[in-house]
Amino acid sequence: MASATTKDLSDVAAVGGGVGDTYGEDRGSEDQLLTPWTFSVASGYSLLRDPRHNKGLAFTERERDAHYLRGLLPPTISSQQAQEKKLMKNLREYQVPLQKYMSLMDLEERNERLFYKLLIDNVEELLPIVYTPTVGEACQKYGSIFRRPQGLFISLKEKGKILEVLKNWPERGIQVIVVTDGERILGLGDLGCQGMGIPVGKLSLYTALGGVRPSACLPITIDVGTNNKQLLQDEFYIGLRQKRATGQEYADFLHEFMSAVKQNYGEKVLVQFEDFANHNAFELLAKYRSTHLVFNDDIQGTAAVVLSGVVAALKLLGGTLADQTFLFLGAGEAGTGIAELIALEMSKQAKAPVEEARKKIWLVDSKGLIVGSRKESLQQFKKPWAHEHEPVKDLLGAVKAIKPTILIGSSGVGKTFTKEVIEALCSFNKKPLIMALSNPTSQSECTAEEAYTWSKGRAIFASGSPFDPVEFEGKVFVPGQSNNAYIFPGFGLGVVMCGAIRVHDEMLLAASEALAGQVTQENFEKGLIYPPFSNIRKISADIAAKVATKAYDLGLASHLPRPVDLVKYAESCMYSPVYRMYR
Ligand SMILES: O=C([O-])CC(=O)C(=O)O
Ligand SMILES: [Mg+2]
């Protein structure tokens, strides 16, 4: 079949190469690109089957002539806006969120730009579909709804061959990998290979919210088995039917993966670890943070977004960070990650040692308050939080004993902020900050309605999964969504656009400060501690700029010279889903 050849650099150019994405139009200088490249676009029937270039009914008369499309499409020509309107109408007719999810995934498979156009223009409406909570259900049913692979599956069968597997992926200019091993998918537990929905969903936000090109994103699921008995017996399960590999076998497999990634993509590919179980999450981050460009979203991304919300909430609560007392339910990745970043910021602000700052932060796990007398039996990552106190066996007891001003739930267990807990919190706080972070909605520590009703409208509330506004005693309360989706897309964009080679905690603090700085007076007046998601691209550009600034300051950025205006530069790097004209 004939093919139209065009010297189009946009689909292979690295972010940071200064190249826009107007089809056939070079806006950057070629010598900054990874490779000079002549891109060959399919034509005719293949063009319609190529989701990256298909425009459906939007192909113009000239394009239909030039690209052998005559007769393959009905006569009508439709604009991208008209296509968007039709699809949104169709989508809204589905009653079941999972049907909307499947319909959106089909669209992505058919017409990638239209998918992203929809997602960007309707972000508040569609985020709960491609992301939490619906993506959780999609993972639970992934085997049944599976149609086509949207990322790489690397199972123990591929041991010794991971580099070859990476080479099977059709794209070369990968900048961001999101990888999971499926052991702790949201608060839903071990979903094995079906965790793939998470890297896919996270990376679609990298593009929609952070502007990283879709072709630069690679979702990966590592399959070392699953301990989920139900899945092992499920006739439609798509993963290895064996118990999880652990210990040395697991470590060696992950090491082969990390080495292959570096060998294949070099130093500047960002690897985001997602939804690993606690022990592996901490170990992998500790092991690879000094040799690879890695970021753990559940530990570091969640920490940055929560710190941002807490800092913004100080405007409503009064006082400084150091004036607050924190109590966490959940001492895993999210809980200890957030606690540590808060302690770092507190010690920076108060110019005091971080050990002092940690004393203002208390954690409760499944065995009760973490205290010094439990030190011997505690996992390593909990030890910094074992302060001196008599044992307290549950959350309610801990609330009464510690008298926190801020209560944060990150245990993955739903319905744990009970009426008694919230009433106790309100008995000594005029305005408590309550963050119910566990996902999806079914695992939230309490609902927005419960938080406002039980606190009699006094709580400032944010949750990991979205809740609708609540009316209480004639007043409307709008809950915030404290989800790492505010941070990782902009953070990732910042990292790749400056060619960072490592992630430093200071870069996370910069991202967090950038987000807090985006909350407007108008937001505060509504009781909001996060800006609306509808502004997310602007927010992401600002986060990216601040993260890149910090990377340059720390000498960790390799793309030189440093752009003068990093916000403008971030904006210029962002992918636009608007159709391009094919010459
Ligand atoms: O995916 C989300 O919505 C947030 C997150 O990382 C998690 O809950 O593990
Ligand atoms: Mg996660």
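Backbone N, Cα and C define each Cβ position, glycine as well.
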Listed co-binder of (S)-malate (same site as Arg184, Asn483, source TrEMBL) among Asn429, Asn439, Asn535: Asn439
Divalent metal cation site partner of Glu274, Asp275 (as recorded in TrEMBL), chosen from Asp234, Asp298: Asp298
Local confidence of the domain 'Malic enzyme NAD-binding' (299-552) - pLDDT mean: 97
Any further residue of that chain within 8 Å (Cβ to the Cβ centroid of Glu274, Asp275, Asp298) of the recorded divalent metal cation site: Thr180, Arg184, Ile185, Ile198, Phe273, Phe276, Ala281, Asn296, Asp297, Glu333
Entry from the binding-site residues list Glu274, Asp275, Asp298 having the most other CB atoms no farther than 10 A: Glu274
Length of the line joining the Cα atoms of Asp298 (divalent metal cation binding site) and Asn483 ((S)-malate binding site), in Å: 10
Structural state of Asn483 ((S)-malate binding site), classified by DSSP into three states: coil
Binding-site residues close to ligand 2 - of Arg184, Asp275, Asn483, only those whose C-beta is under 6 Å away: Asp275
Reduced DSSP assignment, Lys202 (active site, proton acceptor): helix
